[in-house]
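Taken from Swiss-Prot, the feature region 'Ubiquitin-like (UBL) domain' covers 13-97. Annotated repeat 'WD 1' per Swiss-Prot: 109-146, in sequence order. The repeat 'WD 2' annotation in Swiss-Prot covers 148-190. If you look up Swiss-Prot, you'll see 197-236 marked as repeat 'WD 3'. Taken from Swiss-Prot, the feature repeat 'WD 4' covers 265-303. Under the heading repeat 'WD 5', Swiss-Prot lists 305-345. Taken from Swiss-Prot, the feature repeat 'WD 6' applies to 352-392. Residues or ranges marked as repeat 'WD 7' by Swiss-Prot: 396-432.
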């Protein structure tokens, strides 16, 4: 099939367009298209074919295109030449709805490195090397500050948030975790309890889906699970949380809390943890291992040998996939954790970063997309169907990116060694 308005082109390529979404299926017709065509012209071609098949979509919908899992960012001729592909063979080009580019929204400047970030509604929770955690809104207004740790805050997580109160957890280099309550609309914060049990730095923390348990991982090689219930009882041990910290009620007391469960098995420090299912946690760190644990019986179900130190992991909310960032020239590896024979399956790799991948976060609304942050100062937005190049590379940081978050679909948030929180806003595409 040759489109009429393309007959003026002197060089034609045989192209088969294949839709990844049935909504946009054009039946895979074989087309003769000008080699000069790029994404804009191919999008127009798809619209023409859809209209010919009586499929109505808004004119504003644009498409991305990929050949052999590599995003097309050049003309067809440029791509074919750069990859030494035959111009005599049929070239299969897959297409899918284009992701709108993230728009810069705001920069929040801090006094020290930002080690962790988590967004919730219109709020950002961040932990810093200055020993504090803070909550800001997206406009950069500081809502609350949490002081009490004796060293860096390495990890933060929201436990709950309603119109009146928010509960958070912080994990610190001082070997402790603290649960805090913030009275929304005020600067009032209270340390509810201090979790003690680790003997070295607590590097990361996460919360289960029901918000009843916390999991922490540490340089002491241990995994500890704690209850989020900090109810005070008559026999609870209490102590001042900070000599200089007072509220309207006077010096606050915090409950000392011990872990419910301790899991051992890693042979070196642990840097990353996620809790994708109610009875399953996944941990990773310096022993080159990703470990999957059954929290109900407290056993290590399976291991993935990455052969590199793992700095960050994320899990797809939609499918059995684990993405891991490690100490090897910026490669992100995606694994299927289901064991086949005696091994897990390496599904694919994402390659574009030029340094250590420090943090990852999967989209909560799109099973194909995730974001990554790296010591190369960039944040990248990926579609795993096109693993050879990111959809977008965001270059707002001036030093290492240490944390990324995509908990809220409309905001991509990152923190780094440049003392900055960068906020990017997304247009959430309407998809079928």
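Cβ coordinates are placed from backbone N, Cα and C, and glycine is handled just like the others.
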Just to be sure I understand, if DSSP states are collapsed into helix, strand and coil, how many residues of the repeat 'WD 5' (305-345) fall in each? 0 helix, 25 strand, 16 coil
Surrounding residues of the repeat 'WD 3' (197-236) on its own chain - C-beta under 8 Å, 6+ positions past either end: 116, 151-152, 154-160, 167, 169-177, 179, 255-275, 277-278, 281, 283, 285, 293, 295
Restricted to the repeat 'WD 3' (197-236), the mean pLDDT of the model is 91
With Cβ-Cβ distances below 8 Å as the criterion, list the same-chain residues six or more beyond the ends of the repeat 'WD 2' (148-190) that contact it, or say none. 115-118, 120-121, 123, 125-133, 135, 196, 198-207, 211, 214, 216, 218, 220, 226, 228, 230, 241-242, 245, 247-248, 252, 254, 257
List, by number or range, the same-chain residues at least 6 past the repeat 'WD 4' (265-303) whose CB is under 8 A from its CB atoms? 200, 203-210, 213, 215-223, 225, 309-315, 317, 322, 324, 335, 337, 339, 344
Are there residues at least six beyond either end of the repeat 'WD 7' (396-432) with Cβ under 8 Å to its Cβ atoms? List them, or say none. 21, 23, 97, 99-100, 102-121, 124, 126, 136, 138, 355, 358-366, 370-379, 381
